[in-house]
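Asker: Heads up, here are the entries from TrEMBL:
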| type | residues | note |
| --- | --- | --- |
| DOMAIN | 3-189 | domain 'L-asparaginase N-terminal' |
| ACT_SITE | THR12 | active site, O-isoaspartyl threonine intermediate |
| ACT_SITE | THR12 | active site |
| BINDING | SER54, THR87, ASP88 | substrate binding site |
| ACT_SITE | THR87 | active site |
| DOMAIN | 205-320 | domain 'Asparaginase/glutaminase C-terminal' |
Amino acid sequence: MKKILVIHTGGTIAMTQTEESGVEPGLHNPLSHWSRIANQIAEIVTSDFLHLPSPHITPEHMLSLHEHMLEKLSEDTYDGVVITHGTDTLEETAYALDLFHDKDLPVVVTGAMRSSNEISADGPQNFLAAVRTAASDKARGIGVLVVLNDEIHSAKNVTKTHSSNIATFQSPQYGPLGFVTNNEIFIHHYPASREHFSPVHMNKKVLLLKMAAGMDAALLSPLLDQPLDGIIIEAFGQGNIPPTIVPLLEGSIAKQVPVVLVSRCHSGVVQATYSYEGGGYQLKQKGVIFTNGLNGQKARLKLLAALDEKRPLEAIRDCFENIE
């Protein structure tokens, strides 16, 4: 029988709903019951690492989680890892772990949209599907996976698309890598590439800024005047911004601050297409770094990791522009 390490970090999957105070963490993790059932799938070894709602999770927590996982893996032989996590920032933790994880061992992140005592709670099924996936040889060597609602997604492409629906986790443009059905897992395609970073802190100052029509440069100027290590811009469409913002970015680029461009659209990539003021072609000429489909929150994590490794500017550009 396979042996699976289960690391709990908190979130709705480990919470209960009360009439007095809503959904909240309790003293007892409701997944302990389902861990006993999961032992029919694989031998389960549990580690309670954190007990936090996911909006409280930071990039430093993500790095510490990876270090904790490596420590546990060094103590015994495991066939896979399952991490339970709140859904609000689940995609970010999963992607950070994907950047840090350089082994073939399956690592699966899961969560729940409904607390454990709600009708039709999805946590137990998500947890059992995650254990099945982590125990499968089919999940080896394809990076960190996210499993919810019987779908298997790549950490790089998955995102939370709905505030409450249990089918919230989708991979726009790419689709899931596979699915779980009748106690089996099926993988029908694989990630095109994997990357590896070895940061030690994940605490650089990187600003994530989403563009909107007619943004006032005077409001943004104090933000961009801060001692920033990097900037992520969520641009319109294929990579365009209001012309009033261009001089602010020019000032950051002149200081050798990496400015990374993503689209605020769910699908597609940014490209040097439009040459008008603030258009992608002009931004490319000015030294803005383009991405190949990452969303803003994941681009921020990747830039944090690259900066922590002290990669030079052109190496940072390369890891965003030349990786599929």
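Each residue, glycine too, has its Cβ placed from N, Cα and C.
In TrEMBL, annotation is done automatically, which means it is predicted and not curated.
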Asker: Max Cα distance spanning SER54, THR87, ASP88 (substrate binders), Å?
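Answerer: Across SER54, THR87, ASP88, the two farthest Cα atoms sit 7 Å apart.
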Asker: Around the substrate site recorded as SER54, THR87, ASP88, what other same-chain residues have a C-beta within 8 angstroms of the site's C-beta center?
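Answerer: The surrounding set, listed in chain order, is GLY11, THR12, PRO53, PRO55, HIS85, GLY86, THR89, LEU90, GLY111, LYS160.
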Asker: Whole-number Å distance between the CA of THR87 (substrate binding site) and the CA of THR12 (active site, O-isoaspartyl threonine intermediate)?
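Answerer: So the alpha carbons of THR87 (substrate binding site) and THR12 (active site, O-isoaspartyl threonine intermediate) sit roughly 8 Å from each other.
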Asker: How does the domain 'Asparaginase/glutaminase C-terminal' (205-320) divide up by DSSP, counting helix, then strand, then coil residues?
Answerer: 48 helix, 20 strand, 48 coil
Asker: Between the Cα atoms of the residue listed as 'active site, O-isoaspartyl threonine intermediate' and ASP88 (substrate binding site), what distance do you get, rounded to the nearest Å?
Answerer: 10
Asker: If you count, for each of the recorded positions THR12, SER54, THR87, the other Cβ atoms lying within 10 Å of its Cβ, which residue has the minimum?
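Answerer: It is SER54 that, of the recorded positions THR12, SER54, THR87, has the fewest other Cβ atoms within 10 Å.
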Asker: Looking only at the domain 'L-asparaginase N-terminal' (3-189), what is the model's average confidence as pLDDT?
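Answerer: Mean model confidence (pLDDT) across the domain 'L-asparaginase N-terminal' (3-189) is 92.
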Asker: When DSSP states are folded down to helix, strand and coil, where does SER54 (substrate binding site) land?
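Answerer: DSSP assigns SER54 (substrate binding site) to helix.
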